[in-house]
Amino acid sequence: MTLVNIHDFRDLARRRLPKIFFDYIDGGSFEEETMRANRADFAGFELRQNVLVEPRPQDLSTTFLGARHPLPFMLGPVGFLGLYSGKGEAKAVRAAHAAGIPFCLSTFSIASLADLRAVTKGPLHFQLYALEDRSLCEEFLQAAEHAGVDTLFVTVDTAITGIRERDVRNGFRSLTRVTPGLFARLAMKPRWLADVALAGMPSVRAIEHRPEFGRGALEQAANLSRGIDKTLSWKDIVWLRERWTGKLVIKGVLSAEDAVKARDIGCDGVVISNHGGRQLDGASSTIRALPGIREAVGSDFCLMLDGGIRRGSDVIKAVGLGADGVMLGRAYAYGLSAAGQEGVSEIIAILAREISISLALMGVASIDELKSLGTEAVRPR
Ligand SMILES: Cc1cc2nc3c(=O)[nH]c(=O)nc-3n(C[C@H](O)[C@H](O)[C@H](O)COP(=O)(O)O)c2cc1C
């Protein structure tokens with residue numbers, strides 16, 4: 001099978017992964033309306049085509065989160081990478097760092113920050129779910145400090161989990177251990193099983209020393225998600241801002257009002273995100289929310305965007321409409337599930353190639369030039 005684009009990697013991931021995990025990655029909440037809107041609404045914007053422009057050297061590098069990066073995107077937090085491919089988190093961070101782009105480790109990971117620090121010297125970011133158990137939260141913050149985490153992403157759109165009906169049907173949400181029935185379903189994908197089994201019994205390493213969370217990744221994850229703080233409010237963000245001395249970014253903002261609050265509290269940026277359409281179904285797509293948020297926060301505040309990024313032109317549209325950088329979710333989870341570290345590298349290379357070709361055809365030499373052209377280069381259709 002020739003893998004030409006990210007959709008092809010999705011198809012291959014569907015064949016390689018047990019259905020229960022593919023559906024967990026691929027699905028959204030309820031009617032999956034917001035998940036589809038994240039993709040569909042990119043088509044509501046068009047790129048300006050400028051021809052016969054004097055050729056200039058192309059430069060895809062740009063600045064986001066206070067640092068220069070060779071590409072305008074990074075790998076965002078995706079839970080349980082180590083269940084889609086053995087040592088999945090290490091594979092993803094290696095692929096990211098080989099391309100010079102940042103990687104953000106999810107709270108819900110098989111590998112811990114210390115595990116990743118052992119495989120890379122590059123910059124690490126960590127995504128925190130605030131937990132009711134503040135002592136565990138504090139442990140996570142200390143582990144992040146110890147691993148030299150640069151940016152803490154606090155995810156705020158998941159106090160209550162949206163119902164992902166594919167997961168309910170597959171019994172994913174009630175899984176706490178591998179029953180004989182589940183094992184039979186997993187064994188239908190022997191290649192996946194061998195790969196994950198070789199990495200050892202999956203366990204959430206960051207909480208292994210806490211017996212109250214149970215044993216094995218499934219039980220630990222179920223208990224961890226029950227422990228997410230449902231009462232999180234701006235007061236807690238103010239506290240975190242005082243506690244965390246590195247960069248602090250709020251992930252899951254979709255309104256101008258919330259972005260302005262985050263800025264005024266002293267956060268370093270926000271991720272415009274609806275959790276890939278996995279939470280509030282019926283919420284706006286992220287690309288539609290972006291222009292109003294950029295207008296409200298001004299030009300200096302860092303805005304990242306995720307949701308539905310599958311094409312280089314999606315990245316260009318997001319950057320042209322005011323995002324400093326873009327974060328990948330499912331795109332690289334498909335790559336990892338389909339082909340491990342190489343798959344993630346290939347996803348990054350495909351997006352870079354598509355961005356490069358589209359920019360050239362737009363007559364735009366660099367991502368920074370695209371940023372300064374803004375809505376001259378990307379406008380509503
Ligand atoms: C399988 C899966 C697991 C995810 N786990 C997390 C997580 O642990 N923490 C988090 O902040 N966001 C998580 N997200 C949301 C992503 O960071 C991101 O917001 C979303 O995937 C972007 O949409 P896209 O997948 O269409 O690109 C997850 C998304 C998926 C698909």
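Every residue, even glycine, has its Cβ placed from backbone N, Cα and C.
TrEMBL annotations:
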- 1-380: domain 'FMN hydroxy acid dehydrogenase' (DOMAIN)
- TYR24, TYR129, ARG164, HIS275, ARG278: glyoxylate binding site (BINDING)
- 77-79, SER106, GLN127, THR155, LYS251, SER273, 306-310, 329-330: FMN binding site (BINDING)
- HIS275: active site, proton acceptor (ACT_SITE)
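Features per TrEMBL, on structure.
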residue: TYR24; record: glyoxylate binding site; Cβ contacts under 8 Å, 6 or more apart: PHE80, ARG164, ARG166, ASP167, ASN170, PHE172
residue: PRO77; record: FMN binding site; Cβ contacts under 8 Å, 6 or more apart: CYS104, LEU105, SER106, THR107, GLN127, PHE153, THR155, LYS251
residue: GLY79; record: FMN binding site; Cβ contacts under 8 Å, 6 or more apart: SER106, THR107, PHE108, SER109, ALA221
residue: TYR129; record: glyoxylate binding site; Cβ contacts under 8 Å, 6 or more apart: THR107, PHE108, THR155, THR158, LEU224, ILE228
residue: HIS275; record: glyoxylate binding site; Cβ contacts under 8 Å, 6 or more apart: THR155, ASP157, THR158, GLY162, GLY252
residue: ARG278; record: glyoxylate binding site; Cβ contacts under 8 Å, 6 or more apart: GLY27, GLY28, SER29, MET35, GLY162, ARG164
residue: GLY308; record: FMN binding site; Cβ contacts under 8 Å, 6 or more apart: MET35, ASN38, ARG39, ASP41, PHE42, GLY276, GLY277, SER285, THR286, ILE287, ASP314
residue: ARG310; record: FMN binding site; Cβ contacts under 8 Å, 6 or more apart: ASN5, ILE6, HIS7, ARG39, ALA331
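Put simply, the two farthest-apart Cα atoms among TYR24, TYR129, ARG164, HIS275, ARG278, the recorded binders of glyoxylate, are 19 Å from each other.
Contact annotation for binding-site residues (PRO77, GLN127, TYR129) versus ligand 1: PRO77, GLN127, each with CB under 6 Å from a ligand atom. Look at ARG278 (glyoxylate binding site): DSSP puts it in coil.
Annotation note: GLY79 (FMN binding site) sits in a coil segment as assigned by DSSP. Counting only residues at least six positions away in the same chain, the Cβ atoms of ARG10, ILE25, ASP26, VAL78, GLY276 sit under 8 Å from the Cβ of ARG330 (FMN binding site).
The secondary structure of TYR24 (glyoxylate binding site), as reduced to three states from DSSP, is helical. Shown in sequence order, GLY76, VAL271, ILE272, SER273, GLY276, THR286, VAL326, MET327, LEU328, GLY329 are the residues of the chain, 6+ apart in sequence, with a C-beta less than 8 angstroms from the C-beta of ASP306 (FMN binding site).
For ARG164 (glyoxylate binding site), the Cβ neighbour count at a 10 Å cut-off comes to 24, with all displayed protein chains included. Within 10 Å of the C-beta atom of LYS251 (FMN binding site) sit 25 other C-beta atoms, taking all shown protein chains into account.
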